[in-house]
Amino acid sequence: MSTTVPIGLGIPDAPPPILAPRRKTRQIFVGPVGMGSEHPISVQSMCTTKTHDVNATLQQIAQLTASGCDIVRVACPKPVDAEALPAIARKSPIPVVADIHFQPKYIFQAIDAGCAAIRVNPGNIKEFDGRVKEVAKAAGDAGIPIRIGVNGGSLDKRLLEKYGKATPEALVESATWEAGLFEEHGFGDIAISVKHSDPVLMVEAYRQLAEVTDYPLHLGVTEAGPKFMGTIKSSVAFGALLSQGIGDTIRVSLSADPVEEIKVGDQILQALNLRPRKLEIVSCPSCGRAQVDVYKLAEEVTAGLEGMEFPLRVAVMGCVVNGPGEARDADLGVASGNGKGQIFVKGEVVKTVPEAKIVETLIEEAMRIAEEDGLEAVEGTKAEVRVTK
Ligand code: SF4
């Protein structure tokens, strides 16, 4: 049966509400990616490959790019890594940031290599003070911003002695002190991060920093942990800050494939309406009233629609109690019961199918909606019917 039900696809007429306006910042550019209050919040990650393994690094950058990464960082611990930077910067489809610790000389190599930005750590760049003028001039001439990346685990010894540990005040003082060194030389193309592994401490540090500077802020809970714990810590901390308008670029740090970091970061921004929502699965937690395996159904629908890039809210409900209500608010939905699934499109039942056909029917309907609206899933979509028996 064909349907003539009008389909809104969840595309709002007005911009979706956000919790707070962005904090006003100065604007910088990391390659073509604008960073600051006038630009969308970017999501970044860091390669886990050895940078000197150019092919492996470029392959991982390609995977990150395909998953939606805006900016990628690479480590530069050895001369061979610095030597690999020109090839990586030239071939990467997204801007490459060189992560420099300990050795100021690599900063100059990274600038010459065509990297889009440099990250330095004020806690460990030895004899850095003496070369700030040189660094500021080289970065300024090349139009390359510098991220001052303070980290609770590698705080400047002077500040550790002064504060006793990596307090929010210590992190902020380290960052502003370093920024001041560059400012003395007329260089203000700066982003700042004050990462800590404790989300509460991290949030407080960024709040304090946001009060005293207008530089764009790079958010991160450092060493956040494995995928589950790290996702929770990062989501809570970023949510607290972004809901106050604080944060211009984010990096979720997980002990996991960096592609996972991009997925989590993207979802955090989507959940806060700071990025357009794409596929959204609304599924019930199930209960004693459920007449289907809701977990399996939700997972299969999610897997089957993975990669769809248009805004689509899909409700997967275990029974008819809340099913029709949720389905009415969704673009597409199912309310299950008695071995069958009622398929909803914009709140109207368009068909009833046997339980075994629910997943494939939802996926077919989703694809039909996309086609009818003239929207196509972008290149790389994995949308297909995948039913686990
Ligand atoms: S929709 Fe039905 S099965 Fe799901 S939680 Fe609500 S009452 Fe339980």
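Placement of Cβ uses the backbone N, Cα and C atoms for every residue, glycine included.
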[4Fe-4S] cluster site partner of Cys284, Cys287, Cys319 (as recorded in TrEMBL), chosen from Glu309, Glu326: Glu326
Cβ-centroid neighbourhood (8 Å) of the [4Fe-4S] cluster site, Cys284, Cys287, Cys319, Glu326 excluded: Pro285, Ser286, Arg289, Ala290, Val294, Met317, Gly318, Val321, Asn322, Gly323, Ala335
Three-class DSSP secondary structure - Glu326 ([4Fe-4S] cluster binding site): helix
Among Cys287, Cys319, the most crowded of the binding-site residues [Cβ within 10 Å]: Cys319
Stretch-averaged pLDDT - the domain 'IspG C-terminal' (280-366): 86
Cβ under 6 Å from ligand 1: qualifying binding-site residues of Cys284, Cys287, Cys319, Glu326: Cys284, Cys287, Cys319
Secondary-structure category, per DSSP, in which Cys287 ([4Fe-4S] cluster binding site) falls: coil
Residues that sit under 8 angstroms from Cys284 ([4Fe-4S] cluster binding site) by C-beta distance, when 6+ apart in the chain: Ala290, Val294, Val316, Met317, Gly318, Asn322, Gly323, Glu326
